[in-house]
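Taken from TrEMBL, the feature signal peptide covers 1-24. Among the features that TrEMBL reports, domain 'MucB/RseB N-terminal' is placed at 51-190. For 248-348, the entry in TrEMBL reads domain 'MucB/RseB C-terminal'.
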Amino acid sequence: MNNHFYRWAIGLFLFVATASSSFANTNLITQNSNTSSTPSVKDTQMAINDLMQMSTAIRTSNYSLYFNVYNDTGLDEYKFTNYYVDNKRYATLTNLEGKPYSVYLKNGLVGNSKYALKGDTFEILPNIFNANFSELSQNYIIQKSGTSRVANRQARVYDITNKFANLYSYQVAVDNATNLPLKVVLVQRDLVNNSYTILSSFTVVYLETGIYRNILETIKDANINTGVVYDSKVDKNISKQFEKIVRLNFLPAGFKLVANNQLNMYGDSLISNNTGSPGQAKPMLAQTYSDGLFSFTIYVSKNPVTTEDHYYWVRGDTTMYAEDYAGHKLIIVGQLPLSLAKGIINSLGIFDANGVLSNKQHPNGYGQQLNTN
C-alpha cells in the first residue's frame, strides 16, 4: 500500500493495458469447484489463514517465478526473484523480451538507477502480493472455491469479493507445495447477466525454488537512485486545503486516505488542444484512498475554473471520470468501475469562498468518452 499514491499521481493519465473478454457462468481458474454460496465461519477463517500464509511465503521464501501478464497488447513475460537472507528481503523483477529492464528491492526501496520508491511494491505484480488479508477480511468475502493445476503444479483456488461495493474481484490459485501464487485473475462481475469480464491475468509458467548466489549478489550490488526517492505520505496541510474546498460524503467501506500531493495542470481543459505553458500552470490537489487492495485518487482544482469539462475513459482496471462542478475541476482516477467512480465524485460537495456548500446538481451521465488507444 506504500506506493498507491505514486501509482496514480506521478502521471495523471496512467494507461494500464489489460485484457477484456467475457465469460458467462465460468469459474475462471477452478477446475474442481466446491464453492458454497454461504461459506461457514470456519471455512472463511481457514481461507483467510491460507492467504495469510501465502503472503508470508511471498515475502520470506527463496524462489523465482517465470510468469506472463496478458493484456490487450499481447503477452508480456517476466521473471520475479525473491530471496530472504539474514532477515532481509531482496528481490528483482526483469522483463524476458525486448530490451532488458530490471527493478530491484533492497533496503526497503524498490527501483533502479533512475528512481526509487519506498516500500516493497512492484508495479507489474498483482495487488494481492502486498495485501493484508486479515484486514481485508473485514470488507471482503474470502473463500476457497476449489482446486486447479497451474504450471504443472497442484493448486488451491480462492475467491476475493467485496462485501459492500461493486468493486473488482480476484481469483487466486495458490501452490499446494510452496504456498506461492501461481495464477491471479482480476475480474469485473456483471451481477445482472451472471458473467465476468477479465481485466488482467497473471500466470506462472515455471516456479523455481532456492537461491542462486550470483543473482543475490547482483541484487545487492544493484544501483538504486536514492537521490530520487518517492514516498507515499499524508501531508496535513494539503488535507486542510482539500477539505476547505471539498466535502467528501462517500467512500466505499474500508477505504482511507493514504497519501496526498499538489501537482500542476497546464491549459484550461485536460481535453483541449491548448496544453498551455509553464506560466499557465494550475495547481491541483490530489488525495489517494485505498482499502489495501484497490486504490483511487481524487483531484480537485485549487482555484476556480471556467470550463465545463465532463468526460471519462476506461482501460482495463483503470477508470478516469472528470467533471467541472461548482467552479472546480473534479477528477477521479483509479482501480474501480465507472459507476462507482461517478458515485464518489457525485458525493462531493464544493464550498464557496464563504464556506457555503454549493446547491448545484452534478451533471447527468458520464459525459464524453475519450479515446484510450
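Just so it is clear, glycine is given a Cβ too, placed from its N, Cα and C backbone atoms.
Here the domain 'MucB/RseB N-terminal' (51-190) returns a mean pLDDT of 95 for the predicted model. Each residue of the domain 'MucB/RseB N-terminal' (51-190) gets a DSSP state, and the totals for helix, strand and coil are 18 helix, 78 strand, 44 coil. Residues in the domain 'MucB/RseB C-terminal' (248-348) partition by DSSP class (helix H, G, I; strand E, B; coil) as 12 helix, 49 strand, 40 coil.
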